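The block underneath contains the structure these notes are about, expressed in structure tokens.
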Amino acid sequence: MDGSGSWDAIDWNQIEDPRPRRPGQAVKESMDDFLLEDEEVIAQGHGVILLNNREAGTLSVTNFRLLFVSQAKKCVIDLGTIPLTTIEKLNDDVKLQPLPHLSDKSRPRELLQVIGKDMRIIVFAFVPKTKQKNEVFDALRRYTKPANLWDLYAFSCDPSTIKNDSEPKWRLLREYFRLFRKSLPQSRGAGEVSLSNDWWRLTRVNSSYSLCSTYPSELIVPRSISDEDLFQASTFRSGKRLPVISWCDPGSGAVLARSSQPMVGLMMNFRNNADEKLVCALSSRTTDDKGSPRKLYIIDARPRANALANGAKGGGSESSSNYPRSEVLFLGIQNIHTMRDSLSRLRDYVDAHGSISSNGSPSAVSVVGDRRNRGSTWGGGNLNSMTSFSSTLGEWLNHIQNILVGASWIAAQIAEEAASVLVHCSDGWDRTTQLVALACLLLDPYYRTFSGFQALVEKDWLAFGHPFAERMGVPTVAENGGSQYELLRQPSLGNLSSSPSRNVLGASGPSSHASVQSQTSNNSSPILLQWLDCISQLLRLYPSAFQFSSKFLVDFMDSVLSCRFGNFLCNSEREREQSGATNSCRCMWSYLADLRASGGIFHEHYNPFYDPVKHNGALLPPAAALAPTLWPQFYLRWTCPTESQGGDLESQWHAMNKKYAEAMKAKDIAEWRAKDIKMKMESVKQDLQRERRASGTALATAQSAQRENAAIKKAIESIGCTIKFSTSENQEDRTEVLSCSLRRGTDARGQEDENGDFSVSISAIEDSLVSEAPGDHFCESLCPFRTREGCRWPDAPCAQLGSQFVGLKANFDAFDRLSIQDCYFGPE
């Protein structure tokens, strides 16, 4: 794609406008082939240009997504199609600044910029002097910010068509039983099921969510702690998120627990006896002969300064002096706002310097490099862009590395030292969830399978209340628990020109319109994306340890961002129950399972190198190996589609396997055709054999008939008669003819064909033609009027009948007793 003159090359007159005279009817019919079930078109623009790849098509706003259909290819363009809930920002006042290689000519200004949470920045160009852009933009502003949870597309399906294998609560209970290495009873009466061992027990003290509204209804706690102690300890933790067990090792007795920050106050002098008793109970005695006490690590995911700053709001961190045999450590992971800003800068840079850019001009070393300086420029600038890239990428990768190092350290202490670990941050649902879920993935090989990954996500992300609604900027249930729905976000207006890539795309001008419409709140953050990024780094380090592939992680993240399913709506298990999302919306796990089933064991979600025997224990990567790299399958898929898959061994395997599958399919088709041809040949051979046998039988019959005919002819000729075969009845003969004609039929015109008329004539020879042949002697010997004087022809009585043949009838009975096989006739 040549970037020079990208706007000048657009001839708007050549773009077909397929809008019908009566808009509603024909437009809907033309889009039916591209719409999902229960998806409806709200607004449309025709002759729209997707500036990223210069594709012309129809842009539709539906109740689920922004849909772009190519005008030439008649198919959905993935780059220009994005779910509404995945849109982070909209900008309707984009100005394209002149680039060094573009001429300074007037350019159309009907542009709409869409920024996605999936690293996508796309720009649409509308036909000038039309109202299409305003119609599309107004629909996007209205439907990307629904005021009600039930306005989401996930609730548009018919609940009667939803198939749920089991409820999330039952699946969580099944995971708890697996951790205790016990079998779950077949009865689904959760209130009747008990679970406990020497160290821990399952409690339902939070069944009505009175203990903690953001925790699950069933909790694993130390056996020595009563339900009353749990209520007292919850008052000492932020949001009442008291310390509870997330993962346990029945072999060693070590546990991985989670909570929120303690409310120790500004001077860090507040204490709670129930909380201290609960935390100490997490470090039960070891199983060795001495019964020595177990070490307890209290991990604060925040920087120490942030923990101290939270003291002004009543929060803070623990003091090891108040918790025996404990050690407090800080991991220095930044808060949600820092993560959001870091990802935004990375997205801007990748868009500005990718091979497919939102400004329509590609940037690659081979295209815009300065040959005189041997390609010293890159991305339309100079080597300073590389410095900017190193800074932007390094900032994001530092965050990923901090999470990886923290989770690996936690897993190592539990696996090697048999120590217990308590993890928390401020609220205990962002950084805490990242660390705990990643440490579980390292410790337990079950979580590296498809079923285990689902159990892990449902346990640590869904059941323990990660606020998906706030982090993704979608509506949820009101805090009071009623049926009222509210938005847990505020409109965020910003200036895109402040980011580096906006200097290329152009700054927003002083338009009367709101220049930027934000889909997300101040509390939005890519927390789940960071966790999946960490898993992708582990996939690179241990390519045979995971049953799923990097492509599965990408599709999983896209499914969560789309809000197409009810699993990840709302902020907690309690809110999902109140909204009915579980029973009213489709399940994402079933959707992903159906995708895998459609491709069999060769589906791209499967890791072809998975070896469960090789990695049947904990993964404990050394610190030197925890140097992350950019996750190309997710971050570069829109701007560098070829490069995003080029260096990945897994992608290469899937590509080769795809070719192999196609070759095997062609082979199967060829073998089937060969088998079919062989069967047909066998059938033809059998038919030929039957025809040959029938032909042989007919030939034998014909030969037998020929011999009989010859014998009859010989017999008849021996009595002085001739046999004549002819196809004409008009031939004149000197014989007296007694004929029998066999009529075989004529064609439609009454004309004779070669097999038409056939006659057989038996004639008696006239007297003048009778010679002294042996037949005369035969006649004399057979004549009934024979006398001693011999034949008296023509004075004999037989002559009176006019025919020698007729005369033979006088003794026909004697003649009839003769056989053609008798030697009477003799040789010729």
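Count begins at 1; order follows the chain as displayed.
Yeah, the Cβs are placed from backbone N, Cα and C, and that goes for glycine too.
Residues 1-25 are the range that TrEMBL records as region 'Disordered', among 1-25, 351-375, 726-750.
Confidence annotation: the domain 'Myotubularin phosphatase' (180-635) carries a mean pLDDT of 83 in the model. In this entry, Asn310, Gly311, Ala312, Lys313, Asn335, Ile336, Cys425, Ser426, Asp427, Gly428, Trp429, Asp430, Arg431 make up the residues listed for substrate, with the farthest two CA atoms of the set 21 Å from each other. There are 16 other CB atoms within 10 A of the CB of Asn335 (substrate binding site), with all protein chains counted. The binding-site residues listed here are Asn310, Ala312, Asp427, Arg431; among them, Arg431 has the most other Cβ atoms within 10 Å of its own Cβ.
Recorded residues Ala312 (substrate binding site) and Cys425 (active site, phosphocysteine intermediate) have their alpha carbons 16 Å apart, per Cα-Cα distance. Closest to Cys425 (active site, phosphocysteine intermediate) in space, going by CA atoms and restricting to the binding-site residues Asn310, Asn335, Arg431, is Arg431.
Long-range C-beta contacts of Trp429 (substrate binding site), restricted to its own chain and to partners at least six residues apart, with a cutoff below 8 Å, comprise Thr214, Arg241, Ser260, Phe464, Gly465, His466, Pro467.
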